[in-house]
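Taken from TrEMBL as is:
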- 454-464: compositional bias 'Basic and acidic residues' (COMPBIAS)
- 293-411: domain 'RGS' (DOMAIN)
- 437-464: region 'Disordered' (REGION)
- 12-36: transmembrane segment (TRANSMEM)
- 48-71: transmembrane segment (TRANSMEM)
- 83-103: transmembrane segment (TRANSMEM)
- 123-143: transmembrane segment (TRANSMEM)
- 155-180: transmembrane segment (TRANSMEM)
- 192-212: transmembrane segment (TRANSMEM)
- 224-244: transmembrane segment (TRANSMEM)
Amino acid sequence: MALCAVEGGCPSDYVAIAFAALCMTLLIFRSILPYVIYKIPLPKGSRFWIPVIQVFASLNLLLSIVISLSFLKLKRRRWRSCYIWAVWIEGPLGFGLLLSSRITQTFQLYYIFVKRRLPPVKTYIFLPLILLPWISGATFINVKKPLNYRCHMRPQWIAPIMSLHILYVATLIVLTWAVRHIEFRFDELRDLWKGVIVSASSIGVWLSAYITNEIHEEILGLQVASRFLLLVTASILVLTFFSISSSQPLLSQISLRKRESLEYDSMGQALGIPDSGLLLQREPETVMDPNEPLEKLLLNKRFRQSFMAFADSCLAGENVHFYDEVHELGKLPLDDPVRRIYMARHIIDNYISPGATMEVNISHRCRQEILTTSDLADPNLFNNALNELIQLIKMNLAKDFWSSMFFLKLKEETSMRSNGREIEQITSWNLSPRLSSVQGADDPFHQEQCPKGVGHDSTHYSDH
């Protein structure tokens, strides 16, 4: 016992390592299985990188505890490895990075739903800024070198270190409290409180185990027990902390613990927008007259879906998809700002933000008006962009649609319905909801090709 307590390799050490490895494996599978099983497209930007950073920070935290606290018998220059593993990897790159990622998510929710605007600081800037106290603390410790050969600190250093841990948990609590009154659609607040409870509870156990491990260095049995508790607690923390995600509203509807998961083809359906994405039999039939204004024709669901399928076949469907999403947004009542903000943020992420997969070709001034809006629930938020895109559609896609097979099929079906003939199932168009889709591949090549040259102007800034 005396030898393994100092050099590592006790039976309890291997049990704790096995438990940590199991938790880390489950965490990795938890992060990739939804994309593998449900074929969900990989998100872009912070929605992708923040979960990846959380996995990276979780691995660093567990690995640093194993190496710095001598769980294994390793021959190394202790004074050097202690500052690498016990200070830098466990601090700024481990626990600090893990809590900073969660605080960043909460900060985004606060600005979007309380301030009703996009966060003024980009995630790639905000995350390093909030991590600065950890980096400064690690640098100070590295300069002062208070660690002994067993990577333990003197008692006067323990209080500042624990205070830094508690400060980040307290920051998470304050930000979560600031959004407590928002009636989130996808239970983000509940998930945030779970994260707060998990981290606060873990910090409480950590505090006891860490102080015991640092101060009572001469009690070997207590050393073995305290480091076992530290690693097990950290393993539970990283697994549960990552599993509670508030960054993916649509992903939160998919649970690997349920055989029958909720499936949505679009954000409109997920938000419960009436008749979202549905082609209703009771919709009144109208004559599709090319002389009618395009704005009026697009209000008809059947025409809009036919026109959208034609645009997709020309690889220029982002403008029509944008129109369809904004049309869905217009169905939400003005006194329901939370759902309107969800839908507006979804449209901005998918169509307006530079580099979006279906980025629409609008003027820089119009784009900046949307990205810097002071009210994401504004009913006129996308009006200028919509007007620009309608004019763009009229100049290219609209002219060729009237001579396409899509219009002939639409005209034939409309005529059949107006004569009282029922069609059991419409199979003329194979629509691809594209970016709004939670599941399914986007294949625009199954339809006839559009006339040469159509779609090039409208996809000038798109990223296909």
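Placement of Cβ uses the backbone N, Cα and C atoms for every residue, glycine included.
Per-class residue totals from DSSP over the domain 'RGS' (293-411), listed helix then strand then coil: 79 helix, 0 strand, 40 coil. Long-range neighbours of the transmembrane segment (83-103) within the same chain, counting only residues 6 or more positions beyond its ends whose Cβ lies under 8 Å from a Cβ of the stretch, are 50, 53-54, 56-58, 60-61, 63-65, 67-69, 127, 130-131, 133-135, 137-138, 141-142, 145, 147, 151, 164-165, 168-169, 171-172, 175, 195, 199, 238, 241. Using a cut-off of 8 Å between Cβ atoms, the transmembrane segment (224-244) and the transmembrane segment (123-143) share fewer than three residue pairs, counting only pairs 6 or more apart in sequence. With respect to Cβ pairs under 8 Å, the transmembrane segment (12-36) is most closely packed against 48-71, considering the stretches 48-71, 123-143, 155-180, 192-212. Here the domain 'RGS' (293-411) has a mean pLDDT of 88 out of 100.
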